[in-house]
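So Swiss-Prot lists the following for this protein:
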- Asp197: active site, proton acceptor (ACT_SITE)
- 101-131: coiled coil (COILED)
- 620-643: coiled coil (COILED)
- 560-569: compositional bias 'Polar residues' (COMPBIAS)
- Lys109: ubiquitin cross-link (CROSSLNK)
- Lys111: ubiquitin cross-link (CROSSLNK)
- 452-481: region 'Disordered' (REGION)
- 536-592: region 'Disordered' (REGION)
- 635-666: region 'Disordered' (REGION)
Amino acid sequence: MQDFFGSVRRSLVFRPSSDDDNQENQPPFPGVLADKITSCIRKSKIFIKPSFSPPPPANTVDMAPPISWRKGQLIGRGAFGTVYMGMNLDSGELLAVKQVLIAANFASKEKTQAHIQELEEEVKLLKNLSHPNIVRYLGTVREDDTLNILLEFVPGGSISSLLEKFGPFPESVVRTYTRQLLLGLEYLHNHAIMHRDIKGANILVDNKGCIKLADFGASKQVAELATMTGAKSMKGTPYWMAPEVILQTGHSFSADIWSVGCTVIEMVTGKAPWSQQYKEVAAIFFIGTTKSHPPIPDTLSSDAKDFLLKCLQEVPNLRPTASELLKHPFVMGKHKESASTDLGSVLNNLSTPLPLQINNTKSTPDSTCDDVGDMCNFGSLNYSLVDPVKSIQNKNLWQQNDNGGDEDDMCLIDDENFLTFDGEMSSTLEKDCHLKKSCDDISDMSIALKSKFDESPGNGEKESTMSMECDQPSYSEDDDELTESKIKAFLDEKAADLKKLQTPLYEEFYNSLITFSPSCMESNLSNSKREDTARGFLKLPPKSRSPSRGPLGGSPSRATDATSCSKSPGSGGSRELNINNGGDEASQDGVSARVTDWRGLVVDTKQELSQCVALSEIEKKWKEELDQELERKRQEIMRQAGLGSSPRDRGMSRQREKSRFASPGK
């Protein structure tokens, strides 16, 4: 109240009016004073309710009409329900439909409605996201007992399914997948969204090696979940959970970074972290009490180990962000450049006599070729004097630029080779022809050396051993290449199977387009016209006449001959009649004109279907004629050979002979 009276007192400013100038000594009237107090209070806006800003306009996506879709075959099962293949009947786009039961698994109606509302709010949040490494959400459709979540369809399988089929991934594949995973996670974090359930089962891979983060079953906006101590809910899988998530002490984006490290260990070992030592409940207690990270495999490179140690920091604030991890040497592949530098220093020392270099090779028989592409074969010495570091800098393997790289580049992997580092390096080195002369000299030296070895009979066995060591790649290289080729073959096979599943949906979509086309609508206006069309095509007489009777009057054959079908026999009821009659001819011309105006996909589809039917009819007719011709040829050959009639006739005559001998009295 004191503030109220103080504001009123400060707002009261009495100014003399023109009448007051004439009557300076007269006090103001009580009514005038009350009016001034009222106006001052009104101007001070004390009793006015605060005006809230109008709510933001609804998103245009939400105002869009519901998607008309049709369910296909079952393609998987998720944490909340089953996943089916579907098709958008308006655009023909393939969908992945996740069906969540909303009636049978809940104790009360309130919990059911709360769960439905949570999922619908989640989809509304995620519909606005668009990134090459993120699964796109399209909307929700509620039914009586299910809630259908419409998602982008990704051909292929998840990382966990690939691990079950092929085993652990080589480090090159892990690097490629990790980079794309970080790109998608960086996009989510920039939009204030935590995934909170990153694992191999929630990462989808298409047949081109492009991965997409999926199953945002536990994601929320941080602004909606955060409290004074951070988010307080625990969702996810225990093996991939960060310690602060298990302890429920509040977590942020750094919990996703911990899950990224656990996913990398999963791809390297083929197993979930901690799964070999503890069950799920025991893993929760162990991670929550010790706060230690999963064991790191010893087979990894130093850069990969350093990457995992940074992701699996015990203190959440010490973990780097997704943007910082994208600049790590393991993700960028800088260890390849360092190895190439060592290779260049070795190749630049070829000024020493070549036999000494070969003696060094023979003295270390256990040395194997690194995956960078060491040039053990003499035939590859043509490129030995080119600087590998410069060539790799000119054409970076991972398509990384100074601005952080383009996210779309990671999806443009070669169709024929899953990872083509060696091919790119060789092609780049081959383009540098300014040192070709010196390279040819070294090649001549290698040929001379080979002839020298051929002259000495005692060195034949050593030469064959050395060539086997240099020509054949190491076991690790063969194993990695075999695994990569198996993964690509599996993804291609998966895409082919899914293409077979989508064929019935496409056929139904095209049939629906043909059904609602203008030409079919015109043909459905009159049933008599369809009957006349059928009689005209089959050359049948009218219903009122018998086929054996002649025409009673007029010439009905005139109308029959004038009838022509614009489609092949297999095109159904969409045929047009051109009967030589005045009124009918005018109406048919109008119909044909309107049909001619129809352009687009429907006409093309009808033409393709009619052509296919016509070709099938021609092929069937040719096959029948070919069978008849072959039968005639066979009979002629048998008659020329003296075999007489056909085998069927001989069988019948043989039966007659048996019956005659069986009954000699007849």
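Easy rule for this one: first residue shown is 1, then count along the chain.
Glycine residues also receive a Cβ, built from the backbone N, Cα and C atoms like all the rest.
What you see is a predicted model, and the numbers here were worked out from it, not measured in a lab.
Looking at the shown structure, can you explain where the listed features end up?
The 10 Å shell around the Cβ of Asp197 (active site, proton acceptor) contains 22 further Cβ atoms across the protein chains shown.
Around Lys111 (ubiquitin cross-link), no same-chain residue at least 6 positions away in sequence has a Cβ under 8 Å from its Cβ. Mapped onto three states, the DSSP output places Lys111 (ubiquitin cross-link) in helix.
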For the coiled coil (101-131), what's the model's average pLDDT?
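Here the mean pLDDT over the coiled coil (101-131) amounts to 73.
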